[in-house]
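Per Swiss-Prot, the feature heme b 1; low-spin binding site maps to His117, His406; the stated evidence is similarity to another entry. The annotation Cu cation binding site is assigned in Swiss-Prot to His266, His316, His317 on the grounds of similarity to another entry. The feature heme b 2; high-spin binding site is assigned by Swiss-Prot to His404, with similarity to another entry given as support. Residues or ranges marked as transmembrane segment in Swiss-Prot: 28-48, 75-95, 118-138, 154-174, 187-207, 214-234, 265-285, 298-318, 330-350, 368-388, 402-422, 498-518 (among others).
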Amino acid sequence: MNYTLETADRALGAFPALLGAAFAHDSLFAAHMWVLFFTLVVSTLLLLRRVSFLPPVAGPPCRRTEYFDEVVKYGVMATVFWGVVGFLVGVVVALQLAFPDLNIAPYFNFGRMRPLHTSAVIFAFGGNALIATSFYVVQRTCRARLFGGNLGWFVFWGYNLFIIMAATGYLLGITQGREYAEPEWYVDLWLTIVWVAYLATFLGTILTRKEPHISVANWFYLSFIVTIAMLHIVNNLAVPVSFLGVKSYSAFSGVQAALTQWWYGHNAVGFFLTAGFLGMMYYFIPKQVNRPVYSYRLSIIHFWALIFMYIWAGPHHLHYTALPDWAQTLGMVFSIMLWMPSWGGMINGLMTLSGAWDKIRTDPIVRMMVMAVAFYGMATFEGPMMSIKAVNSLSHYTDWTIGHVHSGALGWNGMITFGAIYYLTPKLWGRDRLYSLQLVNWHFWLATLGIVVYAAVMWVAGIQQALMWREYDSQGFLVYSFAESVAALFPYYVMRALGGLMFLSGALIMAYNVTMTILGHQREEGASKGAAPSLQPAE
């Protein structure tokens, strides 16, 4: 591969970015176009180092039957990088809440850093993990090379360009004000193009498969890709004020805008953070423990029940609002129904270890994956419980919800991703094993303790917060002002930052471990604690 076409594409793309910066109708659009221009110029210069202008050397025809793993390698590295960045920004945001003087206006205040954190963790860390693992899994389970040639490269680089544009936009103050859908219209259009290419690559690989059976992991990955495309397009329907400006107006307003937003927001959780990562679970846990999926029939029931029910659950985010009561109740009912298929999937994941339970003790990667499934079960019980109106009246708008989200995002999505990265890295780079399994063990305990501290503190803080808000005296006046309720949360916010710092420390250990594995180093280690002793001849 001589990278000539890829280099030309980036060089040509820099030209319209330069024109956009020159003729922009507002300073924010001009600044964003300069960011795009310099990003494309730097990537062009980096690729120029690998371009070969020599004619191809005659030789035997190149075989294109091997798996296309180079893009998966880059996906793994991007996942690790964005994970560390996202967790670091999360710790900064947590400290800003505890110590407001750390807010640096205008670019690094809480209002701009918070969406940077959520997008970095969900879309940069989680999205790159999903793209990398889906490209790896679909090739192995279909026994076919990734479809589309260099289309896989376009998906990877195009998606990461979206991440850069979205992140810099947040710091500049460019936002639609829609949670998890903050990027403005032109960034949304770019993501749509990339996502269609992603769908074509993944679906094309399935259609050209040499394996007659389609793995259940691919069903979950495909549902995530298709549904996210639908959600993204509908929720981001907007009319730009100018094609050379950042501002746009949504196609929806009022309660319709709220319902569309949380139809998107909840199903981003349901399909981006659940269905896609279940694809990981159904492939990597059986591979790591060397056992088949416990019940393939249960996995199919899990899939179709999840697909049918999740899409209806969004209105539970809008209890006690202007949304019609029947819609709120509908969202609550489907949320409660979701508990059954979710726990069916959890049981299926855990029972896959049947006959290999000892690996929880001896293999820290398996331990990490099992902990992920346990957090999946906990989060999918807590979510339906919080959707019940009586419970929601206490939990809504409080830090309890923040604790719930992080127990799922860090415990489920984070842990299963870490396990997948530890599985993939030695295989992709042809190493015998990871640099250090003891470091994996350290990562596991730091991450687990960090999540437990974070979630438990937020549960307590949220309940205290809610009870202070609804405390009335005998005359019907509020006992506590809002400022008093905020001041009471200070020790909890410090503890939350500590939990986040522990989780970040684990991610830094992972980054070091993965880097050393890629470089080909191996740390000399004795048997890990808890490992079964080797058999000795009878005396």
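Using N, Cα and C of the backbone, Cβ positions are placed for all residues, glycine too.
Here the features listed in Swiss-Prot are placed on the structure.
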residue	record	CB count, 10 Å
His117	heme b 1; low-spin binding site	22
His266	Cu cation binding site	25
His316	Cu cation binding site	27
His317	Cu cation binding site	24
His404	heme b 2; high-spin binding site	21
His406	heme b 1; low-spin binding site	23
Stretch contact, the transmembrane segment (154-174) with the transmembrane segment (28-48), Cβ-Cβ under 8 Å, 3+ pairs: yes
For His406 (heme b 1; low-spin binding site), the one of His266, His316, His317 that lies nearest, given that the binding-site residues are compared by Cα: His266
Cβ-based contact of the transmembrane segment (368-388) with the transmembrane segment (265-285), 3 or more pairs under 8 Å: yes
For the transmembrane segment (214-234), distant same-chain residues with Cβ under 8 A (at least six beyond the ends): 130, 134, 137-138, 141-142, 181, 188, 191-192, 195-196, 198-199, 202-203, 206, 260, 263-264, 267-268, 270-272, 275-276, 278-280, 282-283, 293, 296, 299-300, 303, 307, 311
The transmembrane segment (402-422) and the transmembrane segment (28-48) contact flag, 3+ Cβ pairs under 8 angstroms: no
Contact between the transmembrane segment (75-95) and the transmembrane segment (498-518) (3 or more Cβ pairs under 8 Å, separation 6+): yes
Surrounding residues of the transmembrane segment (28-48) on its own chain - C-beta under 8 Å, 6+ positions past either end: 3, 6-7, 10-11, 13-14, 17-18, 20-21, 157, 161, 164-165, 168-169, 172-174, 244-246
Pairwise CA distance, His404 (heme b 2; high-spin binding site) versus His266 (Cu cation binding site), rounded so that it is a whole Å: 13
Shell list (Cu cation; ref centroid = CB of His266, His316, His317; cutoff 8 A): Trp262, Gly265, Ala313, Gly314, Pro315, Leu318, Gly331, Ser335, Ser387
Euclidean distance between Cα atoms of His117 (heme b 1; low-spin binding site) and His317 (Cu cation binding site), Å: 21
Euclidean distance between Cα atoms of His117 (heme b 1; low-spin binding site) and His316 (Cu cation binding site), Å: 24
